[in-house]
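Here Swiss-Prot flags 11-71 as domain 'v-SNARE coiled-coil homology'. Taken from Swiss-Prot, the feature phosphoserine applies to Ser4, Ser17, Ser54, supported by similarity to another entry. Feature annotation from Swiss-Prot assigns phosphothreonine to Thr27, Thr47, Thr53. The site 'Binding to STX8' annotation in Swiss-Prot covers Arg32. Per Swiss-Prot, the feature topological domain 'Cytoplasmic' maps to 1-74; the stated evidence is sequence analysis. Taken from Swiss-Prot, the feature topological domain 'Vesicular' covers 96-100, and the record attributes it to sequence analysis. According to Swiss-Prot, the feature transmembrane segment maps to 75-95.
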Amino acid sequence: MEASGSAGNDRVRNLQSEVEGVKNIMTQNVERILARGENLDHLRNKTEDLEATSEHFKTTSQKVARKFWWKNVKMIVIICVIVLIILILIILFATGTIPT
């Protein structure tokens with residue numbers, strides 16, 4: 001009778017050990033899920049910050065591009081005016097309208 005009682009106790013201890021192991025695994029899984037949720041929140045915040053920063057960068061870069069485009073246009077206009085003045089002077093000197 002003791003052998004069957006001892007075997008029953010061993011079986012109960014084995015089951016309790018298995019239950020404890022499953023409990024530990026489930027606790028670890030819950031901790032991992034909570035950590036993952038925190039990481040996702042952190043990632044979401046970083047994504048929102050990056051989106052705001054990218055919008056600011058986009059508008060700033062467009063303003064800078066527009067500014068330099070106008071600078072180039074002004075420079076081209078100035079060069080064209082200078083070339084035109086030189087051509088007019090050359091033509092006037094060549095035709096004798098302006099005496100040398």
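Note: Cβ is positioned from N, Cα and C throughout, glycine not excepted.
What you are looking at is a predicted structure, and each value in this text was computed from that prediction instead of being measured.
Shown on the structure are the features that Swiss-Prot records.
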{"residue": "Ser17", "record": "phosphoserine", "contacts (Cβ under 8 Å, 6+ apart)": "none"}
{"residue": "Thr27", "record": "phosphothreonine", "contacts (Cβ under 8 Å, 6+ apart)": "none"}
{"residue": "Arg32", "record": "site 'Binding to STX8'", "contacts (Cβ under 8 Å, 6+ apart)": "none"}
{"residue": "Thr47", "record": "phosphothreonine", "contacts (Cβ under 8 Å, 6+ apart)": "none"}
{"residue": "Thr53", "record": "phosphothreonine", "contacts (Cβ under 8 Å, 6+ apart)": "none"}
{"residue": "Ser54", "record": "phosphoserine", "contacts (Cβ under 8 Å, 6+ apart)": "none"}
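Broken down by DSSP into helix, strand and coil, the topological domain 'Vesicular' (96-100) contains 0 helix, 0 strand, 5 coil.
Sequence-distant contacts of the transmembrane segment (75-95) (same chain, at least 6 residues past either end, Cβ-Cβ under 8 Å): none. Sequence-distant contacts of the topological domain 'Vesicular' (96-100) (same chain, at least 6 residues past either end, Cβ-Cβ under 8 Å): 89. Taking the domain 'v-SNARE coiled-coil homology' (11-71) as a whole, pLDDT averages 95 in the prediction.
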